[in-house]
Each structure stands twice: as structure tokens, then as C-alpha cells.
Amino acid sequence: MSLRRSSALVGAVALALAVTGCGSSDGDKADSGKGGTRVFAADNGKIKIPADPKRVVATGYAVPAMIEAEAPLVGISSWKRGEPMMSKKDLATYKKLPKVAGEAASETNYEAVAEAEPDLIVIGVPAPVLGDIDVKRLESIAPVVAIGPTVPSAWRDLSRKQADAAGSLKTFDTVKEKYDAKAAGLAKKYEKALSGIEFGHLGAYGEVAKGTFQREFGRSWGTNIAEDVGATYYGKVKKPGPGSRAVSEYPSIEELPASLREADAITYTVNADGSVPPSVKYVMDSKLWKNLPAVKAKKTFPIRYTEAATYGQAMQTLDAIDTSFAPLLKR
Amino acid sequence: MTAGSRTAEAAGTRRAVPRAGLLAGGLVLLAAVAVVSIGVGARPIPPAEVVRALLHFQGTDDHVIVRDVRAPRALLAVAVGAALAVAGALIQTLARNPLAEPGILGVTAGAGFAITLGSGVGLAAGQTGQLGCALVGSVLAALLVAAVGRRSPLRLVLTGVALTAVLNGVALGMRMMLPDVFDAYRFWSVGSLAAREQAPLALPLTAIAVSLAGALLLSRALNALALGENVAHSLGAGVGRVRGAALVLITVLSGAATAVAGPILFVGLMVPHLVRRPAAGSVPWLILYSMVLGPVLLLIADMGSRVLLPTGEVPVAIVTAFLGGPMLIWAVRRHGAGAL
């Protein structure tokens, strides 16, 4: 290809990008609001964002947090895993909002994001998954802040940051206060009953096909809210990894006795409807489980809504824990 | 007894003692490998404790692991290894094609398609559902191939290849459109023996045991067929009847093995090649040796799958593929093209 033809092609592509709004010009962006801009510290650096955003796109874990905080959303990613934990009002909002991305980060529909004309994009995916998203392309549409999950218990800080980015802290703080009050009440209620008990937790992300189970420790999905009630989870991961791998591991079922033999009581994850997930049932059907001291002593407690990642959802988890722990008060 | 089987039997008489000795040695090796395999895993258990757990069960954690997790797994490895190896020996004899393996009847593709379809309509949830779907899919696919291609080995192979391509294509399309289905399929698609101890294995294991006995009974008649259709006819063998019975046995053996363990492709191709030379042209010995070496190979591969990576198990199908390639090349180099 000659130099002249190459230059002509580059010129044509640049023109096409400018016409379709994929360029980096500010001219086509939506109004950034009255309050000007501010600098926001996110996973992807210090980003200049609107002080009072009016049109926000949220993806991943940011979706339930920002719906709950009543952020001015104009587009969201699909978030099926969170649907069972949403309130009726939040679920209606979730269903009504245009979906600009699928469940996976790689399923982001960049044209749909551009069509939503956001003035802020909040990406709530873990840092390693951020590589699946063309952040530069999104930045050509609106400022992008990445606020993704790390250790499961960090949802408290992350959801606050997400609400803060969208300028919705007021609603967020109201829900948080309710949660804190409820957790404090339950901690008082179960203070004596939980005293001296060391818990272990069986999570739902083991893989039956591989013969593994998920052992969760403190600050993990299945344990962090029960810890707010006063439950103590003993032990730690043998070889900590990034994110949730810092607080949970996936050993072979043969290691079940070594992993949970010392537990005075065991909590285990169940689905939102109370049914036992296949990965948990696989463990509970094994004789190794039935041989555990806590199981023989009938000190096992199902916990629903363990994937809660907002204060509103965590209120449901508190209710579920209250129901599950109730027999402890009679002992 | 047919004239063909009498001829083969006479030819093999002088080798009977060494062959029997080799078989006895193979059985001892199989027993030793089985005991060692029960001791290997995430929690090492000494062979003496393994034997104690099997003979004097006391209910300790180690004994429960041996009796409830590892012994069923070893039994499964023996059954699946024997089923795939014997199915491979039968299909290679029947098709008179050294590259034939049980999957050529569309068994693997049929099982994969049925699991994909079953996951889509909610029938393949859990181990029982997957087992049922895989069994039905593999048997139906093999029956279809056998019905269309029963007249000649070439037609059988071509029909199997064509049906496999169609089923794989349709199943792939469904998995691409339905992410949940893809998720359910991906674990099954790499054959493994892990975590099958709670699955309902009585029916497939019984079917495998009966079919293995059937293969031994049929093996003398297959000796005549191995010489070619015309020769078999002239020797008075009932070609159609023998071929039909062999197809049924191959279908049940490979269908049941694929249903319980997923696709483990290399065993059916490799084991018959490895034992062909000591069998010296005798189909009964070929089947007997395959019945012993198949389980030995799968038990060793399964031990490897448990200890190769410190992070967790590697599916056994990956280990057999790693072992299978070099072993097949070794067999060809050691024994030349005649080995095939």
C-alpha cells in the first residue's frame, strides 16, 4: 500500500470516528451538571469527574449499590446474581433500566453505553477483570471510575465509594445507619449465646465435578455479616491469594475433617430460597461431614443472602442469621 | 465353535503358557496399582492403612476416605479403563482399522449433545441427570450409526464421523447461545474420575461388567471376522450376527464409560495397540490383555491427576492424553507399523 493511500485511509477512519462520536472530543458529551468537577481516587487512578453527575452508567458490583443509593442511573450491566437480594422497588428499577453490558465484563456493549450519553461511568469489577474492558474507549464517552471488589468484606467501603462517586451519599448513609443499628441489636441479643463458640463456614463455590469444597474464613462472603452479629470464625487460608482467595480456599473433600474438625459450630451457605446448593449438598451428603464433631452435636446453621454487597441487602442477611441462630438462645 | 476359532486356537496353543503367565503378572500389577492408588491423594494414607480400612473398617477419617471416596474411585477407574480398552479392541477388530476408537461410533458426541440439550431444558442438573442424559445420548448415537453403517466397516466409520460432526456442531451452537449450558457442559467435557462416589453408579457398572463378559464370549467368533469377511463366511462364521453383537457391546461399554467419567479418548485407541504384539493375533487374548492393561493405565493416570499440580486435581483425560501420545509413538517405533 502506498504512503498516499495509507494517509487517505487514516484520514477516513479519523473522520468516521469523529462522525460516530467515538473520538475524544468533549463536544458531544452530556451536560456535566452545575457543580463543576472534582478529582476522585479510583482503582484506575485519580479521575476528574462531575461533582454532581446527572447521567450515570454502572456495571458489575456497582449496580446494586447505586440502585440502592438512588443514583441517577441511565444504564447498567445485567446483574442476575443480585436479583434475589433486591427489594421490590430496587428490582423494579433494575428491570426498567437499559442494559448496556452482560453479566461478564467482556460483554460490554460500547455503542449502548455511548447511546445512554452518561456523564460518569462506574465500573464495579475486580481489578484483574478490568483488562476485559476497553477502558480507553469508555473514557472517550465519559469519565470512568473503576471501583471493584477486593476482599469480600470490603463491600462496605466499596459501596460507599460508588455512592460517593455518583453523589448519592445521603441515601447511602440512611441505609447504613439502619444496618448498623440492626447489627448492634443482634450482637447484643446473641452476645452470651455466641460467647466462646468458634465457627467454621462451608461456602457454595466448591466444584462437585472436581470434588472440592469452599472453606470460608473471617471477612469472606459467608462470614462477614455474621461477624457483625458477634460470630467468631477461626483459622486462615493456607496459601492466601488475591481478592476472595485471601479469605477462602478450595481443598479436596478429603481435607474436610482437617479443615473443620476444630469447629464448635459450622455455618453454611444456602440459596436465597433456602434450598441447599449442589456444591454444599455434595459435602453434606458425605460421611466425612457426618463425622465432624459440630455436625454430630447438631450445631450447623444455614445462612441465606451470603452474597450481600450493599447495606440494604445485608439487612436481609441479618434477618436470615437471626432466624438461623435462634436455636442457640434456647441452649 | 466355528472353524475359524478352532484354527486360531490351534495356532495359539504353543503360546498359551507364556500368555497366561503374562496375564497373571498383569493381574498382580493391577492389584498393586489399585492399592497404591487408594493411598494417593490430598491426604496421603500408607498402603498398610489402606488394607486395614478395607478389611477391618473402624470408622476413622482415614478409613472413611478409603472406603467412601477412594475405593469407589479406584473401582470406577478399573471399570472405565477396562470398558474403554475392550471397546477399542472390539471396534479395531470389527472395523479392521487400527485408528478406530470407541468415539468413532458417535458415542462421545452423542453424550455431549445430550448433556448440552439436557442442560438447556433443565434435565441435566446434578450428577444423576448428567449421567442419565449422557447414557441415553451415547446409546442413541451409537444405535443410529450402527443402523446406518452396519453393512460394511467403511460405511460404519464414515457414518460415525458424519454424525459426530453434526452433533458437535449443533451442540457447540447451543452452548455459544446459552452461557449457563456452556457452564454445565465444561466440567463434563474433560473426562474425570473425581467426585463420582455419590453418583448412582450401580447400573452403568453392572452394564460394563456384563458387557465385558459378553466380549469374552464373543471373542472366539471375532477371530474369524478378523481374517476378513469372505474368509469368515467360508469358515462358517455368522458374520452379521457377530458384527451386530459386537456393535451392541461397544455401544454399552463406551456409552456407560463416557456417561460416568466423561470423554477419555486415548485409552480406547492406545491400549489395544500396546497389547496387540503379546496377543499375537488372537482376539480373545487381545481382549483379556486390554481388560487388564486399560485399568492399570487409567489408575496410573488418575494417580497422576491427583499429584501433578500442588493447586489441585488435573482431569484424568488430560493426563491420559499426555501419556497416550508418547506411548503410541513408542509402540510404533518399537514394533514398527506391524504393531498397528
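Placement of Cβ uses the backbone N, Cα and C atoms for every residue, glycine included.
TrEMBL does not curate its annotations; it predicts them automatically.
These come from TrEMBL:
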| type | residues | note |
| --- | --- | --- |
| TRANSMEM | B:21-42 | transmembrane segment |
| TRANSMEM | B:74-91 | transmembrane segment |
| TRANSMEM | B:103-123 | transmembrane segment |
| TRANSMEM | B:129-149 | transmembrane segment |
| TRANSMEM | B:156-178 | transmembrane segment |
| TRANSMEM | B:198-218 | transmembrane segment |
| TRANSMEM | B:245-271 | transmembrane segment |
| TRANSMEM | B:283-301 | transmembrane segment |
| TRANSMEM | B:313-332 | transmembrane segment |
Handout entry: Distant-in-sequence neighbours of the transmembrane segment (B:74-91), which means Cβ under 8 A and at least six residues beyond its ends
Key = 30, 34, 37-38, 100-102, 104-105, 193, 196, 201, 205, 208-209, 211-212, 215, 222, 246, 249-250, 253-254, 256-257, 260-261, 264, 267-272, 275, 283, 286-287, 290-299, 302, 316
Handout entry: Closest-packing stretch to the transmembrane segment (B:198-218), where packing means Cβ pairs under 8 Å, from B:21-42, B:156-178, B:245-271, B:283-301, B:313-332
Key = B:245-271
Practice task
Residue list, the transmembrane segment (B:313-332) vs rest of chain: Cβ under 8 Å, 6 or more residues beyond ends.
Solution key: 77, 190-194, 261-267, 269-270, 273-274, 297-298, 300-302, 304-306, 339-340
Fill in the blank from the handout: Sequence-distant residues near the transmembrane segment (B:129-149) by C-beta distance (under 8 Å, 6 or more away from its ends) are 105-115, 117-118, 123, 155-160, 163, 167, 184, 188, 199-200, 204, 244, 247, 250-252, 254-256, 258-260, 262
Problem - Cβ pairs under 8 Å between the transmembrane segment (B:21-42) and the transmembrane segment (B:283-301), at least three - result: yes
Fill in the blank from the handout: Sequence-distant contacts of the transmembrane segment (B:283-301), meaning Cβ under 8 Å and at least 6 residues beyond its ends, amount to 8, 12, 19, 22-23, 26-27, 29-30, 33-34, 37, 74, 77-86, 88-90, 93, 193, 212, 215-216, 219-220, 222-223, 226, 264, 267, 270-272, 274-276, 316, 319-320, 323
